[in-house]
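As recorded in TrEMBL, the features of this protein are as follows:
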- 303-316: compositional bias 'Polar residues' (COMPBIAS)
- 104-197: domain 'Ig-like' (DOMAIN)
- 301-332: region 'Disordered' (REGION)
- 1-23: signal peptide (SIGNAL)
- 211-235: transmembrane segment (TRANSMEM)
Amino acid sequence: MMVCFIATLGQILLLGCISFTAANSITCQIYAAVGESVTLAFNYEGLAKLHTLRWTHDTTIIFLRQQGRVTIGKPEDITTTGSILLKSVKLQSEGTYRGDALHPNGTLAKTWTGQLCVMEKVSKPRLSYICDTNTVSLNCHVSKPQGLFFSWTLDKTTLSSETRQTLSISLSQLKEKSSFSCSVANKVSAESSETVQPICKAHTLCFKPNIVLGVLAGGAVLIFVLLIIITVLCCSYRRTKTKMQLSDKGEFNLLSVKKGEAESITRYENIHNVESCPSPSPQPSPRACYKNISKLDVKTETKPPQLSTAAEGQQPSPVPKPRTKNAKTPDI
């Protein structure tokens, strides 16, 4: 990619061109795994010893042969058609390679350019699964999953639509002995996991034994505490109810005594009023009778009782004697 800048200063025209290669625009023609050997094919059938053969890695010459004499590199690394063999490549071996064949007069006979990419081999994946409420979730574990291709196999049938690292299958679609495996691959290698047969039951929640025991113990403690609280509340309520009943009974007895005393006093006053109050005709009202009684009580308190002279002169009348059965009638 070429980017050109044009600047004008006065009447001077300055043209500067900057060229650079973007990393994202690099296209690999050849892939190789770390540690492997790879051959860069030149395939020039008319190559002779009089030709000049030169191979470069980026800007470094890695092989040079002129007039049949090798000055850089090893002769055994070159084939008869000019191809070069790269042994035990490393990550640092990737880059742009170029091969040129020149005639003895220096003109170009053939050229080849290619981009080599070196990658590490993928590791063997490990398959695991988790049973959910209605699904089973499978995970294909592998180190450095970036840039890898994933594929899934169900009962030896490749699931072409599944290319992610994880897979979810409904328990209704899961057969009794269904087997799963996953595979990972890159441009230079591929590996597959061991076959796994998930064992899941629909609508089943799996808990560890220690969790179950902890929940049961907690529930028992909670029930025991609730029983204690209920017992204490019942005893307190019964004690309070008993006290209220005794208090109500005492108040009722006190009211009964007071009521009885009031009735006795009323009865006594009624009797006293009846004896003291004369009953002339017409009969006076109870209020007048009460006033007369009050006046008599006042006079009695202020003046001592006196007997009349007539009463004093009178003698008590004789008391009649009862008749007897044996008494005889006197003769007349």
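The backbone N, Cα and C atoms fix where each Cβ goes, and this holds for glycine too.
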Remote residues contacting the transmembrane segment (211-235) - C-beta distance under 8 A, at least 6 residues beyond either end: none
Tally of residues which DSSP labels helix, strand or coil - the domain 'Ig-like' (104-197): 0 helix, 49 strand, 45 coil
